[in-house]
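Enquirer: The structure follows.
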Amino acid sequence: MTTNASRLHLARSPHETVWRLADGLLRREYRLALGGFVILSLMVPTAMALAIDDRTLNGISVWIKPLKFQLSVGLYLLTLAWFVGALPVETRHGRAVRILVTLALATSAFEIGYITLQAARGLASHYNVADPFYRLMYTLMGIGAVTLAAASPALAVLLLRHRPQAWSTAFWLSVLLGLTLTFVLGAGSGGVLSAGNGHWIGGVRSDATGVPIFGWSRTGGDLRVAHFLGLHALQIMPVLGLIAERWAPGRAASFVVCAAALAYGVATLFVFVQALRGIPFIPA
């Protein structure tokens, strides 16, 4: 069986493609999709601020962090919207999905709002425990992040109970495993990150010489690498599922998906352990 996702036809122009994809997401789950698009739209003023504001924090522009978080959280909400849209109508309008959507949107708004506000003030949002207020805000950020990540396994349970008929077994498994890995690996590594006093393990405590775009340390370990891989498993695994169902016959595709999930988890754990040992993901 081939999933609807693999039958998507690109529009005649990139502009039309974007509008069709946006319209499709809004039709599948309006609230999550709208929230995702709003957060992504914040990247425009943030990028403008990045271009004209020369203030730095940890060696890089104060606007880099909100820009990356806006992209990551925006895509996360859009991914959830696509998956929720595959549930039966009565389930989509049920209490469980309503709670899931409300918590995801509320925590996303809080995380992005505070991170962006702190950037505008030229202050750190993470690891900022300078006074009781900032300690409280950092604690609330941690609670919000775990709550937001918990939307993934909660949605996995719903998709396990209500398997979309249009999805092949391989793709269905890839989505379930991706959502589960996102919480286990993403929230797990995030917990270790928040418990320390920074994402660096050894090396220079600055992002100025980090890996381009990502900013990961090239002089020591960086816990953000494993955190990144964990958080984006819900997008990477379904892509692998689509590839598997296309190139592997029948049950072999499901086996490939399970093997890929195991390999992904082991690789992320390996990267995490290497970071704890102070070994850079990409040495200078």
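Note that Cβ sites are derived from N, Cα and C of the backbone, with glycine treated the same way.
TrEMBL does not curate its annotations; it predicts them automatically.
Pasting the feature list from TrEMBL:
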- 30-51: transmembrane segment (TRANSMEM)
- 71-89: transmembrane segment (TRANSMEM)
- 96-117: transmembrane segment (TRANSMEM)
- 137-159: transmembrane segment (TRANSMEM)
- 171-193: transmembrane segment (TRANSMEM)
- 225-243: transmembrane segment (TRANSMEM)
- 255-276: transmembrane segment (TRANSMEM)
Enquirer: Could you give the residue numbers and ranges of same-chain residues that sit at least 6 residues beyond the transmembrane segment (225-243) on either side and whose C-beta is under 8 angstroms from one of its C-beta atoms?
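Expert: The answer is 3, 5-6, 72, 75-76, 79, 149, 152, 170-175, 177-179, 181-182, 184-190, 193, 214, 216, 253, 256-257, 260-261, 264, 267-269, 271-272, 275, 281.
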Enquirer: I'm a bit unsure how to read this: which one of 71-89, 171-193, 255-276 has the highest number of Cβ pairs shorter than 8 Å with the transmembrane segment (96-117)?
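Expert: Stretch with the highest Cβ contact count: 71-89.
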Enquirer: Can you name the far-off residues of the same chain, 6+ from the ends of the transmembrane segment (71-89), with a Cβ under 8 Å from a Cβ of it?
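Expert: For the transmembrane segment (71-89), the list is 25, 27-29, 31-33, 35-37, 39-40, 43, 97, 100-101, 104-105, 108, 111-112, 148, 151-152, 155, 158-159, 162, 164, 166-167, 175, 179, 231-232, 234-235.
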